[in-house]
Amino acid sequence: MPSPIPVERFLPRDLSPSIDLRPCSSPLELSHRKLPGGLPACSGRPRLLPPRLAWCSIDWEQVLLLEPLGSGGFGSVYRATYRGETVALKKVKRSTKNSLASRQSFWAELNAARLRHPHVVRVVAASASCPGDPGCPGTIIMEYTGTGTLHQRIYGRSPPLGAEICMRYARHVADGLRFLHRDGVVHLDLKPANVLLAPGDLCKIGDFGCSQRLREGDEAAGGEPCCTQLRHVGGTYTHRAPELLKGEPVTAKADIYSFAITLWQMVSRELPYTGDRQCVLYAVVAYDLRPEMGPLFSHTEEGRAARTIVQSCWAARPQERPNAEQLLERLEQECAMCTGGPPSCSPESNAPPPLGTGL
């Protein structure tokens with residue numbers, strides 16, 4: 001489908017033409033290169049974190065590298081121990097083509113610092129340097145959740161996700177989004193590959209390398225809170241909200257759109273789009289192109305419920321999408337229907353909350 005306008009103006013020049021389904025903070029391509037048990041001493045004066053993040057500075061004497069887990073995007077991840085606890089250590093890559101993007105990715109990861117939630121990967125410690133690599137933009141130590149992602153669960157050899165599991169996983173992700181948005185953080189790269197599966201079959205949102213913080217005060221003024229950085233150029237194009245493709249300000253509703261694509265993937269077990277990237281992007285913006293709703297979204301009551309949720313969350317206008325609070329309440333209702341138990345959301349109303357109203 002030819003594009004009558006230059007779609008390139010919506011795209012960062014260094015965006016890969018292929019679908020990037022790989023996260024930075026979860027296991028990817030295994031490397032067979034041996035690692036030393038420890039890290040070399042820092043050379044020169046180490047770069048320090050700002051005072052507000054001094055609490056999480058890495059004590060390098062307590063770091064012991066165990067094995068590489070993988071690499072992708074802006075970082076390489078290792079299994080390690082820190083103060084006797086098994087952790088994931090992410091070393092941000094030094095990019096010769098875009099060093100600014102590498103630094104921005106590191107500082108964006110720290111948007112999750114101090115945050116504690118069952119469905120958000122916890123940042124344990126961080127450093128603006130790395131021993132033996134003075135050019136490294138930074139190092140982040142995170143909780144170790146294991147080696148699985150939601151992407152691997154959807155597209156691997158496991159049986160398809162049943163309705164109950166789909167809704168439970170979706171509820172975990174929505175709960176994590178609600179927490180992040182309440183704290184003023186927008187993830188901006190939500191997709192199955194960035195949702196880690198932890199022990200207890202818990203979903204945890206990870207890889208905050210594209211995240212941004214909302215500006216304070218906008219909500220009180222009656223508008224939707226926007227990010228401090230008005231334009232967004234990162235993330236995965238298949239999950240990027242139409243308003244971001246058009247260069248409009250970033251709001252938390254962009255994560256809701258990405259959630260819709262993610263839930264669609266959980267149900268369908270298919271990739272969102274095929275074909276030329278620029279044609280897809282133009283069609284998403286100009287013609288409201290969305291992934292096709294197959295029979296799985298219409299043959300059962302659960303499928304029809306998922307269809308309603310997905311369609312409300314990927315509405316073209318951000319104002320028509322639910323916020324994370326409304327989304328979680330609706331998913332709680334659906335989980336209760338799947339399990340036959342009472343809903344665990346607020347008992348103020350037994351009816352599903354209206355979707356697409358408010359922030």
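For all residues, glycine too, the Cβ spot is worked out from N, Cα and C.
Annotation note: ASP189 (active site, proton acceptor) sits in a coil segment as assigned by DSSP. Cβ neighbours within 10 Å of ASP189 (active site, proton acceptor), excluding its own Cβ and spanning all shown chains: 28. The active site, proton acceptor annotation in Swiss-Prot covers ASP189, and the record cites sequence analysis as its basis.
Classification of LEU69 (ATP binding site) by DSSP places it within a strand. All protein chains included, LEU69 (ATP binding site) registers 22 other Cβ atoms within 10 Å of its own Cβ. According to Swiss-Prot, the ATP binding site annotation covers LEU69, GLY70, SER71, GLY72, GLY73, PHE74, GLY75, SER76, VAL77, LYS90.
Annotation comment: Swiss-Prot describes 63-336 as domain 'Protein kinase', evidence class sequence analysis.
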Whole-Å Cα distance, SER71 (ATP binding site) to ASP189 (active site, proton acceptor), is 17
Taking only the CA atoms, the spacing between LEU69 (ATP binding site) and ASP189 (active site, proton acceptor), expressed in whole angstrom, is 21
Rounded to a whole number of Å, the separation of the Cα atoms of GLY75 (ATP binding site) and ASP189 (active site, proton acceptor) comes to 15
DSSP, reduced to three states, assigns GLY75 (ATP binding site) to strand
